[in-house]
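Features reported for this protein in TrEMBL:
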COILED    A:640-670  coiled coil
DOMAIN    A:677-894  domain 'Histidine kinase'
TRANSMEM  A:6-24  transmembrane segment
TRANSMEM  A:36-53  transmembrane segment
TRANSMEM  A:59-84  transmembrane segment
TRANSMEM  A:112-131  transmembrane segment
TRANSMEM  A:158-175  transmembrane segment
TRANSMEM  A:187-214  transmembrane segment
TRANSMEM  A:243-259  transmembrane segment
TRANSMEM  A:280-301  transmembrane segment
TRANSMEM  A:385-402  transmembrane segment
TRANSMEM  A:408-432  transmembrane segment
TRANSMEM  A:444-461  transmembrane segment
TRANSMEM  A:491-513  transmembrane segment
Amino acid sequence: MNSYILIFIIIGYLLLLFGIAFWAEKRAKKAWVNNPYIYALSLAVYCSAWTYYGSVGIAATSGVSFLTTYLGPVIAFPLWIIVLKKIIRISKQHKVSSIADFISLRYGNDRFLGALVTLICVLGILPYISLQLKAVSETFGIISNDVVNASENIFQDSTFYIAVLLAVFAAFFGTRTTDATQSKQGIVFSVAVESIIKLVFFLGVGIYVTYILFDGTTDIYNQISIENNFESLTTFNSLESGINWYFMIALSFLAIFLLPRQFHVSVIENTNQKHLKNAIWLFPLYLLLFNVFVIFIAWGGKLQLGDAANPDYYSLLLPLQNGDILLATLVFLGGFSAVISMVVVSTLALSTMLSNNLIIPYGFLDKFSKSRPERNANYIKNMRRIAIFCLILGAYFFYINFNIQLSLFSIGQLSFVIIAQLAPSFFIGLFWNRGSSIAAKTGILIGTLITTYTLVLPFVLDTFFNNHSFIEFGPWGIEMLKPYALFGIDFLYPITHAFFWSIFFNVLTYLSVSLSFKGNYRERNYGEMFVNSKYNSLQENAFVWKGEAYVSDIRRVLNRFLGQERTERALNLFYLKYNLPKSAEKADSRLINFSEKLLTGSLGSASSRILISSVVQEQPVTLIEVLEILEENKKTITTNKFLKQKSDELTKLTQELKAANEELKLQDKLKDEFLDTVAHELKTPITSIRAASEVLIDSEEMPDELKMQFLDNILKDSERLAKLIHNILDLEKLASGREILDKKLNDIGITIQKAISGVNTIAEQKEIKIIIQKTTHELPARYDEDRILQVLTNVLANAIKFVEEKKGRVEVSFEKIQDYIRISIEDNGKGIPAEDMKYIFDKFYQSKNQNVKKPIGSGFGLAISKQIIEGHNGRIWADTTVNHGARFVIEIPD
Amino acid sequence: MKKKILIVDDEPNIVMSLEYSFKKKDFEVFIARDGSEAIEILKSKTPDVVLLDIMMPNVDGYQTLEYIKSNQDTKNIKVVFLTAKNKEADIQKGIHMGVDKYLVKPFSVKKVIAEVNELIV
């Protein structure tokens with residue numbers, strides 16, 4: 001394609017993005033622009049050109065390790081959300097504008113720390129941005145068929161113009177207000193749009209390669225699996241490689257928090273904490289989709305283009321090779337989108353840091369405090385605009401002059417390692433109030449030094465000075481200090497090796513310095529506010545300050561930076577909130593804290609602290625005083641919490657009492673019912689006996705046959721009475737636990753046999769078949785045989801009672817399941833009505849479903865069975881068989 | 001005219017003794033083994049007294065009593081509860097529903113006959 005047409009397309013595309021950003025800016029409050037999906041998509045700024053092109057390159061050369069960059073964030077996502085919630089809460093409370101501001105504030109508005117973090121970020125990100133430009137330039141060259149020769153006159157290099165356009169875009173939308181914490185919906189929305197574009201086009205080329213160039217995934221797999229190094233592309237290869245994986249995943253997990261662009265979109269641009277709920281599944285899904293075709297594009301490229309072509313650009317070269325220029329152009333635009341969003345958001349975040357945490361606090365404060373308010377705002381904006389241009393152009397010149405030899409992927413990882421040095425002071429400081437400013441500074445410095453020694457230095461020596469001896473033998477031939485194998489650890493890749501040692505010493509320094517030197521009261525104060533960020537009431541009064549300050553002085557400072565109107569509005573709100581008289585002359589600690597926060601958004605925390613303290617007479621506060629005040633605050637909170645807890649406990653207790661009372665009432669009612677039923681059951685045979693006896697006494701004329709019948713009735717009812725009393729006592733004995741089971745080693749098969757022979761006579765009379773399904777010959781277990789026999793006989797007798805004569809069939813089976821013996825007794829009778837199922841094991845339950853009109857039996861059988869089985873720590877239950885009969889299952893431990 | 005009595009109980013042995021005793025006293029006796037059988041019989045026969053057990057399967061004594069007392073043809077029939085339920089609440093419930101006598105099991109057959117006779121003088 002002609003390069004002029006391509007430039008035309010690029011400019012058209014950029015104009016479109018301008019339009020989109022403009023449109024979104026105007027509708028910033030609308031649900032269209034401000035919603036969780038836009039938030040989740042904006043997080044995908046994580047996927048830069050590195051993802052877009054570099055993953056394919058890595059997949060083609062080193063196999064599955066490209067996944068680590070995405071696995072880290074995905075694995076840690078639930079955790080990420082929890083921690084992020086806290087970070088967002090703190091950032092909104094304190095009007096934090098960047099990660100440098102966040103860290104500096106945590107350690108008591110430390111000016112140097114903010115500047116240090118800023119420098120680290122610039123150091124880490126600048127090569128990364130230059131890589132993005134390299135990607136644009138090289139892909140531009142591939143599409144337009146130009147020979148890439150960047151070192152010639154820059155004014156003939158299209159990349160230069162693209163870089164300038166990006167800078168204009170970022171500067172225009174990124175610096176519309178001086179308050180860096182204000183949401184920039186235009187940029188966020190265009191990032192979200194770009195995220196969709198890059199995903200769609202990348203998936204497009206994935207589908208194209210997999211299903212059009214090849215015959216689906218299987219086809220590619222079959223073809224590539226013949227290649228001789230195939231094994232190494234799909235496996236870990238070794239334990240070392242596994243350890244490397246582990247560290248790479250950890251690294252990318254840290255990156256998702258700490259990369260300035262990630263912090264910017266996920267924290268600063270977060271407009272609603274609820275958006276996190278959707279991001280928790282949307283973002284991992286996005287990453288997953290992005291990686292679906294990576295491996296197939298890589299394999300497809302290897303097969304069609306071979307190793308001669310740069311594997312980073314397989315996704316472009318494949319359609320080009322096959323004559324699909326349109327698709328190639330779209331893929332190019334997708335990659336370009338990845339570049340734009342990364343470059344714009346990164347430079348925006350970095351420019352805020354540069355202005356608020358480096359330039360203003362170190363150079364311009366004096367000038368600002370003498371200048372007029374409207375001019376100050378412009379100064380700040382211009383400073384950021386210049387910073388954006390400098391960063392992008394700096395990255396461009398970095399790219400031109402060093403013409404980086406490494407692939408996209410490894411420079412990306414180098415960036416990660418440098419940025420990861422912020423992790424200890426960032427994360428530990430968030431949860432540990434002892435972490436001090438000096439510890440953070442030394443930790444970061446030492447970590448960075450080690451990274452430089454183990455990664456940057458050998459690379460520079462190797463690439464630019466052709467000096468290999470440093471890597472191979474170490475400095476002055478000291479084995480232990482070999483940069484890629486420090487202290488003899490020689491099995492890690494250079495990146496993971498550097499990451500491991502730098503973080504190790506970083507954390508070690510941070511912890512030991514924090515423990516050995518106490519920070520000043522201000523650090524401790526902010527430490528407490530960060531760590532306990534959940535107590536909102538602590539926030540308001542937790543700021544410790546002592547001294548003399550006049551409202552008028554503070555008002556003057558605010559006026560200078562915020563303008564008269566905003567200052568008055570903010571102060572009115574403040575007085576209203578704390579219910580203070582507007583006429584107050586002296587300022588208290590709350591006003592000081594409030595004013596610092598107000599300025600932080602525009603100037604960064606360190607500057608605002610310096611400004612405010614320049615107009616007030618601060619008295620030194622001892623650490624003990626700070627701790628006392630904080631303790632007091634905490635106590636109030638704790639007391640409130642304690643009271644609430646107590647009241648909750650009381651409510652709970654009352655509820656428990658109520659429930660217990662209900663339970664007792666129910667028990668009482670059940671007992672009454674039980675006694676009623678017992679009385680009824682006992683009275684019935686007694687009534688019968690008494691009536692029959694009365695009749696017999698007066699029976700001179702009665703025929704003998706009838707007399708015999710009455711006598712027989714008396715006998716039967718006496719037996720019934722005796723049996724009933726026996727059962728009641730038996731059940732009572734079992735239920736109260738007074739019955740001691742005589743558990744011995746028995747064989748369940750034999751016991752079942754015995755039970756069957758006990759009921760066989762009745763079964764034979766009714767011509768009912770009893771079948772045993774054996775799974776094993778012997779199944780020994782410890783149980784009380786008489787009692788188990790009682791249960792089995794009962795269940796078998798029930799089954800016989802409920803099946804039809806002649807057609808009836810009862811099936812007994814037993815088996816061992818894990819450490820249980822399961823006996824099941826199935827019949828083909830009428831089954832158990834669903835409404836009765838709940839009650840069949842209750843005392844006195846008698847089925848209304850029996851074949852005879854008058855129920856037979858006492859209604860104790862199953863209740864006793866249940867007690868016996870539970871006495872064996874087993875279970876008994878009933879359900880319905882396939883042919884609607886009943887099935888009783890008994891399980892006892894063996 | 002012969003006095004007629006309907007005995008409703010699900011215990012055949014108790015019924016047998018009562019049947020024998022009332023027949024001996026020259027009653028015409030009908031037997032029902034639960035409430036639904038009793039109601040069936042009451043559709044064709046009009047006894048002077050019904051001896052009614054309460055705890056029976058299907059239609060229980062209370063339901064049968066309700067049928068008797070709410071039906072024009074049967075509401076003048078005297079009803080005697082013969083039951084093991086002897087709690088005050090049960091007795092009150094029966095009386096409230098219009099039962100004429102309440103005899104608690106185990107009863108004396110002679111007493112039952114005496115009470116029935118008293119009821120239908």
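Here the Cβ of each residue, glycine as well, is placed from N, Cα and C on the backbone.
Those TrEMBL annotations? Automatic predictions, nothing curated.
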### Query
What stretch of A:36-53, A:112-131, A:385-402, A:408-432, A:491-513 shows the most Cβ pairs under 8 Å to the transmembrane segment (A:187-214)?
A:36-53
### Message
Let me spell it out: take the transmembrane segment (A:280-301), skip the flanking residues so only those 6+ beyond its ends count, and list any with a Cβ under 8 Å from a Cβ in it.
### Response
36-37, 40-41, 43-44, 46-47, 51, 55-57, 59-60, 64, 66-67, 70, 73-74, 77-78, 81, 195, 199, 202-203, 205-207, 209-210, 213-214, 217, 220-221, 223-224, 233, 309, 311, 314-315, 317-318
### Query
Any contact between the transmembrane segment (A:158-175) and the transmembrane segment (A:6-24), i.e. 3 or more CB pairs below 8 Å with pairs at least 6 residues apart?
yes
### Message
With Cβ-Cβ distances below 8 Å as the criterion, list the same-chain residues six or more beyond the ends of the transmembrane segment (A:59-84) that contact it, or say none.
### Response
46, 50-51, 232-236, 241, 244-245, 248-257, 266-267, 276, 279-280, 283-284, 287-288, 290-291, 294-295, 297-299, 301-302, 311, 314, 409, 412, 427, 430
### Query
Does the chain bring the transmembrane segment (A:408-432) near the transmembrane segment (A:112-131), so that three or more CB pairs sit under 8 Å (pairs 6 or more apart in sequence)?
yes
### Task
Taking the transmembrane segment (A:112-131) as the first stretch and the transmembrane segment (A:444-461) as the second, find out whether 3 or more Cβ pairs fall under 8 Å, excluding pairs closer than 6 in sequence.
yes
### Intrachain neighbours beyond the transmembrane segment (A:36-53), with Cβ under 8 angstroms and 6 or more residues off its ends
69, 73, 128, 131-132, 135-136, 139, 188-189, 191-192, 195-196, 198-199, 202, 256, 259, 261-262, 265-266, 269-272, 274-275, 277-279, 282-283, 286-287, 290, 312-313, 315-316, 334-335, 338-339, 341-342, 345, 408-409, 412
### Summary
Model confidence for the domain 'Histidine kinase' (A:677-894), as mean pLDDT, reads 83
